[in-house]
Amino acid sequence: MSECVVRGGQVVQAGGVVSADVAIEDGRISAIGPELPGAKREINARGLTVFPGVIDDHLHFNEPGRTEWEGAATGSRALAAGGGTAFFDMPLNSTPCTVDRAAFAGKRAALERASIADFALWGGIVPGNLSELAPLAESGVIGFKAFLSDSGLPEFPRADDLTLYEGMREAARLGLPVAVHAESEEITSRLTRRARDAGRTSARDYLDSRPVIAEVEAIHRAALLAREAGCKLHIVHISSGRGVAAALEARTMGTDIAIETCAHYLFFTEDDLLRLGAIAKCAPPLRDRQEFDRLWAHVLGGIVDVVASDHSPAPPAMKTGDDFFAIWGGIAGVQSTLAVLLEAGHFQRGLRLERIAELTAGYPARRFALHNKGSIAVGNDADLTLVDMDGQENLEPESLWQKHPVNPYTGNSFRGSIRRTMLRGTTIFNHDEITVKSGGQLLRPKANTYATSGIHP
């Protein structure tokens with residue numbers, strides 16, 4: 001007799017959606033099939049759709065050091081409420097930044113105390129820390145992150161071209177990928193300075209200071225350096241259809257490049273930024289309707305590999321001011337990635353459920369060598385999200401689990417109601433309640449087993 005059976009759900013697998021039970025033993029899936037034998041504990045999933053737990057490969061929980069912005073305790077609860085079971089925390093916005101072994105150890109300890117979801121940690125590439133990349137790899141980072149433009153934090157300076165190239169060569173030797181924030185510093189900084197010197201500091205001026213060409217140029221440059229270095233490349237938060245096209249062109253030229261976008265680029269346009277204001281400020285910024293539609297075409301066409309949240313919260317006071325350039329740029333959305341893909345993707349555009357599972361779980365697990373995560377298969381961790389596809393969620397500030405109710409998604413309705421989230425067979429979220437206090441574990445990838453980009457079932 002199994003420990004647990006999730007009974008009678010519509011199970012989303014790579015090959016399609018099947019009616020099946022899912023048996024769980026010792027935190028792992030032990031069987032999948034119709035009418036499995038009884039278990040010590042049964043969860044009724046009849047009428048529900050069972051997805052693999054969301055793996056958010058790009059977010060900022062600010063732990064340790066800036067927990068007044070968020071923290072893993074509240075952040076991981078918001079993740080779980082959105083169907084998430086694992087996350088990859090970026091190396092900046094915490095204090096200290098994760099650019100050496102000691103910082104990694106401190107962040108790992110903080111997350112083990114506070115997180116209810118499993119986690120992996122990105123290390124950083126900044127000028128002067130090349131010798132720290134090997135110790136970070138030994139500690140267990142999932143990969144390395146670099147900025148081509150100003151990060152907004154002086155303690156995490158952007159990587160100049162030589163720093164990036166040498167970092168990529170070292171990452172390739174270590175068998176780990178490099179993630180890049182792709183915006184041209186030359187273009188964005190000079191346009192920003194020109195606007196501010198002229199006293200133009202509105203939201204429209206901010207949008208104009210970060211044009212699509214700044215993203216496209218930086219993607220091409222990062223791809224060239226990665227190709228020369230023999231490094232796997234991960235372009236984070238691509239905001240535009242032209243940006244995806246640039247990454248795809250690099251792939252055809254031999255760059256092993258993964259293409260990530262974020263839920264907010266698939267739900268909002270620049271018109272929403274002008275309407276909502278700083279709550280919707282991010283970098284790269286939201287784009288016009290043409291780029292929005294092009295980006296969706298790449299998602300629907302199977303070109304985009306992964307959709308993340310880039311959850312980057314801040315206290316309300318940091319999201320106000322007369323100078324739009326000075327306001328903190330980051331969107332809080334960790335609770336909404338699956339909701340966006342269900343509403344804007346499946347219900348509005350016909351995006352297949354198995355494609356949603358691939359974008360949110362299958363690809364990040366495969367790409368980052370988390371071989372027991374990302375899909376509902378025998379032997380994998382029982383990381384499951386149960387969704388009532390006939391339900392509807394009206395996202396209001398009081399339904400948010402993040403620390404501050406500063407969120408552009410509030411006031412919107414999403415078809416598909418997340419009813420339960422399970423991590424390794426344990427329910428961590430159930431019917432609007434968090435059911436555990438901790439339990440998240442560090443995910444350590446196996447170096448040199450990362451999947452090649454562009455490979456989808």
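Glycine residues also receive a Cβ, built from the backbone N, Cα and C atoms like all the rest.
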Co-listed Zn(2+) 1-binding residue [Swiss-Prot; alongside His58, His60, Lys145] among Asp305, Asp310, Asp322, Asp323: Asp310
Further Zn(2+) 2 ligand in Swiss-Prot, beside Lys145, His237, within candidate set His181, His220: His181
Env. residues of Zn(2+) 1 site, Cβ within 8 Å of mean position of His58, His60, Lys145, Asp310 Cβ: Leu59, Phe88, Asp89, Met90, Trp122, Ala179, Val236, His237, Ala308, His311, Ser312
Among His58, His60, Lys145, His181, His237, which are binding-site residues, the residue with the most C-beta atoms within 10 angstroms of its C-beta: Lys145
Alpha-carbon distance [His237 (Zn(2+) 2 binding site); His60 (Zn(2+) 1 binding site)] in Å: 13
Zn(2+) 2 site, defined by Lys145, His181, His237: further same-chain residues with Cβ within 8 Å of the Cβ centre: His58, Met90, Phe147, Ala179, Val180, Ala182, Ile235, Val236, Asp310
Lys145 (Zn(2+) 1 binding site) and His181 (Zn(2+) 2 binding site), distance between Cα atoms, whole Å: 8
Local backbone state of Lys145 (Zn(2+) 1 binding site), from DSSP in three classes: strand
Rounded to the nearest Å - Cα separation of His237 (Zn(2+) 2 binding site) and Asp310 (Zn(2+) 1 binding site): 7
